[in-house]
Amino acid sequence: MAAPPLINALGSSGHVGSMDFRLFYCGRVGPDAGVTQRSPVVLRRRVCLQSLAAVGHIGMMDPCSFTCFSRCSTKHLNLFLHVDFDERVIRGKVQLTVEALEDRFSVLTLDTRDLNIKTVSVNQQPARFALGDKHSFKGTPLDITLPFDLSRGQHVIVEVTYQTSPSASALQWLSPEQTAGKEQPYLFSQCQAHHCRSMIPCQDSPSIKHTYYAQVSVPKDLVAVMSAVRDGQKVDPQDSGRIIYKFRQPVPMPSYLIAIVVGALESRQIGPRSRVWCEKEFVDKAAFEFSETETMLKTAEDLAGPYVWGQYDILVLPPSFPYGGMENPCLTFATPTLLAGDRSLSNVIAHEISHSWTGNLVTNKTWEHFWLNEGHTVYLERMIGRCMEGEPFRQFKAMGGWKELQDSVNTFGANNPLTNLVPSLQDVDPDDAFSSVPYEKGFALLYHLEELMGGPEVFMGFVKSYIQLFAYSSVTTDDWKNYLFSYFKDKVDVLNQVDWNAWMFTPGMPPVQPQYDTTLADTCIALSQRWLQAKEQDLSSFQESDAAALSSHQLIEFLSLLLQGDPLPLTHVKKMQEVYNLNAFKNSEICFRWLKLCVRSKWEEAVPLALKMATEQGRMKFTRPLFREVFHFDKYKEEAVQVFKAHRAAMHPVTSALIAKDLKVEASSSAGSEVTAACVLPLPKLPSRR
């Protein structure tokens, strides 16, 4: 069998300077490498499957990228990064191994955003380059003229030295005061969907998959981790006050999964292939919360096949992290809002684990097909829940997901094309399209197909086969649908009865509403109906035991049901607080829904609590709706705007930009004003309970 393409390109030695590319492209094998002995075989198999999966897609463009993935493809990155907390920049050098996919290939276009490009070379020869016009959300194309034309299948190594901007959208720099320890600064990245280009010049499209190796220089009191296997450390030969951490990722992955964190980090072992990382103040709490990780991993492997990434670590980020979790390979990012103290929110980790197969291993080709990542991941996450908790639990979670889908459709508008399962993103920032639609509309379609095809075991067989076929590649909805019809060739007549246009390309709710089993929801439904139908004279019938009898998941469902209808009378909400003391709960999902309910019912005392939650953490699932609720409370509209302006400097750039749109606040060219204690609203004192 022929050697991997990179070796063919570099010659038998595989050397550029002192670096052995063979090691980092093919993957070092052995018990300490984090990959199996079969890894080189798997990677060669990947080439065959990518060729199969790519048929029919020549000439495709990614509307969110300047790259044309039918002309060339990055196969490997070498990163050399110097993290400068004083200037809040990363100075670096990237070496890209690029394969031509057509003859007479002569110009490489990379995605960038706000990068200071210093030098470019091709195979160690200086090369001409030019930055194009800046686009509102795509950034600026970097056109590199090769010193020679390439034929199809040939490779070059393109080296770019550069520096990031202090306002790079992928990076959030935290001062010591913004961390738990209050002594050291902190840096973390969030590249999904199209922000890696502000950290690294690259082909920033999920259609391009590559391996990577990195060396990261940081102050010696700090620790660096990345979405890769740790590969040692050494004193920086240029500065004895700094440490260089080394990483390697031998499994091909898209650029949006490159991740870096630098901070005063500690870790605890939570399983044979897992550690949890965070600041020391929360590391033991996090270790308890995620102690079931190995069980989830084994369950996922039983369902979807071997876990190919080696290590599965979890990093709990500071509160400003904008998402519940991020599926960075080898290092899942998690919001601290998951630390409920009772493992009740660990299903988010099941979701991120599932991404190891659906999203990371099989990836949407462009963000228009995002549902392929998220719909399948929700499906696999709930299958994990089914294995661990039973089918009624899966049904219960699916019911909650349907309500989240309804909320998103109501927020966007039922006729908004961004509620299509497969939306057009031509001239649309993918951040603006982010919602629960690809997650829950995608799951609803897969669940509908499960019922049509013969049940969960039968349909999970298809999902596993789909993963095996398209592993290590990027796919479109057509690829998925064609394989669905091929796999269920004896049920084509049934599949032809599905209204595919309504499911895929029509806005609003799906054409079919699944009939989920309500066993675990019946108690929640009954209690919510009591509150909705209660007259003022009936309120004395409610007791603390009503809520005490519910699990955390059921209490979340109870509040979600109340949010579906008209606002409750203020007297009802006040009574609910009196008997259930919901202000004292620490589960973030409960707090969020409760505060939404209070503000919607015009309870003025809840406004400072809602704004406190919206600013003390930055998870967009919570922060954006809470700001919107207060903003729509006319008396407090200006208060919402002023609190946002006061805190925007501490927010993640993506969060800040989207809330500014929600509140109709003019975008700020700077990071925003500084946060001071005077900006924080006075809050009522609450008794502690959970």
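Glycine too: its Cβ is placed from the backbone N, Cα and C atoms.
Where the annotation comes from TrEMBL, it is an automatic prediction and has not been curated.
Quantities reported herein were computed from a predicted structural model and do not represent experimental measurements.
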Site-mate of His351, His355 for Zn(2+) in TrEMBL, selected among Glu368, Glu374: Glu374
Packing count at Gln190 (peptide binding site) (other Cβ atoms within 10 Å of its Cβ): 25
Proximal but sequence-remote residues of the same chain as Glu352 (active site, proton acceptor) (Cβ under 8 Å, at least 6 apart): Gly325, Met326, Glu327, Thr332, Ala334
Cα-to-Cα gap, Met620 (peptide binding site) vs Glu374 (Zn(2+) binding site), nearest whole Å: 17
Spatial neighbours of Gln192 (peptide binding site) that are distant in sequence (at least 6 apart) but have CB under 8 A: Tyr256, Leu257, Met326
DSSP-derived class (H/G/I helix, E/B strand, else coil) of Gly325 (peptide binding site): strand
Secondary structure tally of the domain 'Peptidase M1 leukotriene A4 hydrolase/aminopeptidase C-terminal' (519-663) (DSSP, helix then strand then coil): 113 helix, 0 strand, 32 coil
Non-site residues, in chain order, whose CB comes within 8 A of the mean position of the CB atoms of His351, His355, Glu374 at Zn(2+): Glu327, Glu352, Ser354, Thr358, Gly359, Asn373, Thr377, Val378, Leu380, Glu381, Tyr439
For Tyr323 (peptide binding site): intrachain residues, at least 6 apart, with Cβ closer than 8 Å: Gln190, Phe333, Thr335, Arg619, Met620, Lys621
Other CB atoms within 10 A, centred on Glu327 (peptide binding site): 24
